[in-house]
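Enquirer: One structure coming up, written as structure tokens, with questions to follow.
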């Protein structure tokens with residue numbers, strides 16, 4: 001039976017400033033930590049990425065043509081405040097006004113994120129969000145944007161607080177490249193959630209028009225053997241690190257007893273102490289019912305086994321399937337040998353995990369109000385067919401179809417899901433994979449910056465027109 005999606009459903013495409021804009025030092029933009037980190041550690045940089053800074057009219061014209069009626073955009077904090085605070089860069093402000101005007105001209109609603117992995121370098125060097133001064137600077141930046149850009153109706157504070165702490169302090173693949181420091185992971189999560197809560201409260205108290213929420217990456221965690229208590233415990237602890245800790249902060253305004261028990265266990269095994277003040281709890285509590293929506297980024301699920309050794313993570317950055325290892329002291333290890341398809345980057349393709357995660361939010365956090373799936377898509381080594389000027393990305397179509405089907409199921413089962421944003425609108429730069437891993441509806445020739453609609457773009461157009469998942 002063909003499933004359908006609601007008439008008012010957003011069929012969106014997602015981007016991020018650093019991954020799409022290029023122009024990393026153009027028109028007064030300040031440096032971000034990634035600029036230096038990529039120069040020192042990788043064979044690629046974010047220059048020119050997809051040159052969205054100059055080519056956004058092309059991408060938005062394509063969006064309109066192919067039925068994309070929403071776009072996730074992030075503002076580069078360092079384009080507005082090159083140092084993260086202090087002097088405003090007027091050319092950066094002008095750019096975003098022009099970008100948002102073009103969105104509305106093309107009938108593509110902008111959903112705008114304030115922070116997408118790109119803290120200005122000056123603040124990042126000073127501890128990023130581990131330094132509580134950065135919370136203050138972020139809230140000031142948020143307030144400036146709320147006042148300056150009234151044309152924006154949908155705001156999100158942060159993109160993926162979980163993977164920021166994870167990437168910076170656990171896996172070590174984001175600057176500053178620290179590994180296995182659980183104290184920093186949880187402190188980063190917490191401090192960023194305080195920053196989120198303060199910005200949301202400010203938005204509501206200021207009477208700004210529009211809606212505000214946050215985007216969380218929520219990979220579902222399962223025990224490899226549900227009858228083995230060690231595997232069950234490993235899945236619970238891994239879920240606390242990546243999901244439950246930040247969801248509790250968002251919607252409970254505190255951390256549940258089970259969450260804190262898990263955090264204390266992990267810190268007791270690995271060393272470290274979490275600094276949470278009474279004022280922090282008051283801030284979280286004041287904002288817990290004020291989020292207008294939750295953005296869920298979902299790509300994969302993980303299966304966990306009990307584990308009794310030291311932490312060791314091998315990150316698959318090359319797309320050579322089977323190159324991943326992930327085991328954490330006091331937590332557990334991910335089992336990759338499961339009967340589930342996976343991508344070349346060892347990401348488990350499991351649409352049921354998205355359904356389970358949506359329904360978990362509905363059940364455990366009934367004050368969620370509404371959900372957008374703000375990222376979901378398939379990273380692929382796309383093969384461009386020169387004679388046809390396209391990509392036959394049937395695997396991507398199949399991936400998206402499967403995930404939209406479970407979204408339709410979740411809606412039937414009572415979840416208020418209002419839209420879906422494919423990652424990504426066009427091919428963009430990938431943080432730890434460079435330019436090989438492509439996700440877009442539109443193929444980008446990174447040499448010429450020409451755009452070519454893939455087969456998936458035509459499929460998505462029909463989906464947006466008919467609302468039928470075929």
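Glycine is no exception: its Cβ is also placed from the backbone N, Cα and C atoms.
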Enquirer: Please state which member of 104, 107, 116 Swiss-Prot lists alongside 19, 159, 160, 297, 430, 431, 437, 439 for binding D-galactose 6-phosphate.
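Expert: When Swiss-Prot describes the D-galactose 6-phosphate site, the candidate it includes is 116.
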Enquirer: Among the binding-site residues 19, 297, 439, report those whose Cα falls within 10 Å of that of residue 375 (active site, nucleophile); none is a fine answer.
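Expert: So the list is 297.
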Enquirer: Looking at D-galactose 6-phosphate and its recorded binding residues 19, 116, 159, 160, 297, 430, 431, 437, 439, figure out the farthest C-alpha pair and report it in angstrom, whole number.
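Expert: About 20 Å separates the two most distant Cα atoms.
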Enquirer: Would you mind checking how many other C-beta atoms are within 10 angstroms of the C-beta on residue 431 (D-galactose 6-phosphate binding site)?
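Expert: That number is 21.
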Enquirer: Quick check for the class: what is the C-alpha distance, in angstrom and rounded, between residue 439 (D-galactose 6-phosphate binding site) and residue 160 (active site, proton donor)?
Expert: 18
